[in-house]
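Novice: The following feature annotations were taken from Swiss-Prot:
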DOMAIN    10-68  domain 'TRAM'
BINDING   Cys81, Cys87, Cys90, Cys162  [4Fe-4S] cluster binding site
BINDING   Gln265, Phe294, Asn299, Glu315, Asn342, Asp363  S-adenosyl-L-methionine binding site
ACT_SITE  Cys389  active site, nucleophile
Amino acid sequence: MAQFYSAKRRTTTRQIITVSVNDLDSFGQGVARHNGKTLFIPGLLPQENAEVTVTEDKKQYARAKVVRRLSDSPERETPRCPHFGVCGGCQQQHASVDLQQRSKSAALARLMKHEVSEVIADVPWGYRRRARLSLNYLPKTQQLQMGFRKAGSSDIVDVKQCPILVPQLEALLPKVRACLGSLQAMRHLGHVELVQATSGTLMILRHTAPLSSADREKLERFSHSEGLDLYLAPDSEILETVSGEMPWYDSNGLRLTFSPRDFIQVNAGVNQKMVARALEWLEVEPEDRVLDLFCGMGNFTLPLATQAASVVGVEGVPALVEKGQQNARLNCLQNVTFYHENLEEDVTKQPWAKNGFDKVLLDPARAGAAGVMQQIIKLEPIRIVYVSCNPATLARDSEALLKAGYTIARLAMLDMFPHTGHLESMVLFSRVK
């Protein structure tokens with residue numbers, strides 16, 4: 001008869017080690033060395049010593065957490081947000097803005113094997129003009145939670161303030177919480193989005209069950225008292241306008257309308273500077289034919305059209321193409337053509353690919369633009385500006401251009417999301433004559 005024994009669980013005592021941090025990675029983690037291995041330690045900065053314990057041990061690197069900080073970096077800051085360290089939104093409020101920008105620029109330079117020529121930045125606080133706050137009803141307390149997810153968790157941090165939001169949105173937080181917490185339907189609320197446009201403030205409420213007439217009336221009164229445009233979203237497809245008209249924002253001398261669910265850059269200040277610098281780098285001439293790939297609703301396309309002879313924008317989301325066409329008409333731009341095409345498919349047979357272009361701009365999503373790089377090379381543009389939200393795919397796509405005889409003329413770090421681990425960038429490629 002076979003006998004089975006439970007294996008004894010191994011108990012290990014986590015050893016406390018003392019480390020000196022010599023670098024900060026782009027995600028805001030302190031970097032140290034111990035026994036020949038790289039350690040990543042959240043919460044520590046260069047020039048700091050600390051006692052830490054290893055939480056994850058891999059072959060090439062390890063992760064650790066702080067037990068006790070023994071010294072402070074001169075670039076350590078007191079976080080402005082009381083939720084910092086618990087809320088998953090920000091990772092670097094404890095570091096000076098200058099250190100954040102230097103560490104991100106250094107990471108970008110290492111990846112691209114090229115010096116970062118400039119940092120395009122704006123105000124480091126009160127910059128975010130869009131936020132989605134999760135909502136969760138707690139039956140025990142009969143209270144409504146409203147906030148962001150905890151770091152590495154689906155739990156919600158009940159947010160009372162958020163200093164990276166534009167002041168208009170941060171001031172609204174307690175009022176929105178009070179309003180939503182008084183609804184009969186607070187058990188059936190998914191999330192609320194707040195957007196600050198030039199035209200005013202938008203509030204989009206996702207609800208998972210029909211709202212009573214009393215709740216609708218209460219929300220409408222709230223929107224009027226706070227001067228909000230209110231939209232109700234019973235599902236991911238339907239959007240009902242309760243109050244307000246088509247929102248819009250100013251961008252580089254143009255007025256752009258958008259739907260509340262459309263993607264717009266959350267940092268208006270950096271977006272304005274980024275668009276202006278892209279046009280400057282491309283050196284757009286009145287006779288130029290310019291191609292804008294992954295163009296969205298025309299963030300770059302329409303400003304380009306104010307300077308070039310003709311501009312073609314290509315985008316995979318039909319609603320954004322329609323919005324781009326509408327905004328071209330509103331701004332009296334008749335030299336723009338938008339195409340709805342999937343740029344992840346074979347682009348050689350797409351109508352835009354038959355045209356000739358002098359200059360190209362592309363602003364792909366995180367997956368990058370591998371599918372269009374060879375077509376761009378065939379077009380032989382003089383200058384190419386690549387705007388990236390993922391340095392890894394940027395480095396990959398850049399290889400194709402470098403092999404084809406292009407060189408990196410300028411490389412900028414875009415500080416689009418201060419105090420977070422997000423790294424955005426923009427590169428100018430020039431064709432070698």
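Using the three backbone atoms N, Cα and C, a Cβ is placed for every residue, glycine included.
Describe the structural surroundings of these features, if you would.
Specialist: Taking the domain 'TRAM' (10-68) as a whole, pLDDT averages 90 in the prediction.
According to DSSP, Cys81 ([4Fe-4S] cluster binding site) is assigned to coil rather than to any helix or strand. Long-range Cβ neighbours of Cys81 ([4Fe-4S] cluster binding site) (same chain, at least 6 residues apart, Cβ-Cβ under 8 Å): Cys87, Cys90, Gln93, Gln161, Cys162, Pro163, Ile164.
Secondary structure at Phe294 (S-adenosyl-L-methionine binding site), taken from DSSP and collapsed to helix, strand or coil, is coil. The Cβ of Phe294 (S-adenosyl-L-methionine binding site) lies under 8 Å from the Cβ of Val314, Glu315, Gly316, Leu343, Leu362, Asp363, Pro364, Ala365, Ala369, each of these being in the same chain and 6 or more residues away along the sequence.
For Cys389 (active site, nucleophile), the same-chain residues lying six or more positions away in sequence with a CB closer than 8 A to its CB are Ala365, Arg366, His422, Glu424.
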Novice: Do you know which of the binding-site residues Glu315, Asp363 has the most other C-beta atoms within 10 angstroms of its C-beta?
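Specialist: Top count of Cβ atoms within 10 Å goes to Glu315.
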Novice: In sequence order, which same-chain residues at least six apart have a C-beta under 8 angstroms from Gln265 (S-adenosyl-L-methionine binding site)?
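Specialist: Sequence-distant Cβ neighbours: Asn271, Met274, Asn299, Met416.
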Novice: Within a 10 Å radius around the Cβ, which one of these binding-site residues has the most neighbouring Cβ atoms: Asn299, Asn342?
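Specialist: Highest number of other Cβ atoms within 10 Å: Asn299.
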Novice: Quick one: of Cys87, Cys90, which of the binding-site residues has the smallest count of other CB atoms within 10 A?
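Specialist: Among the binding-site residues Cys87, Cys90, the sparsest Cβ neighbourhood within 10 Å belongs to Cys87.
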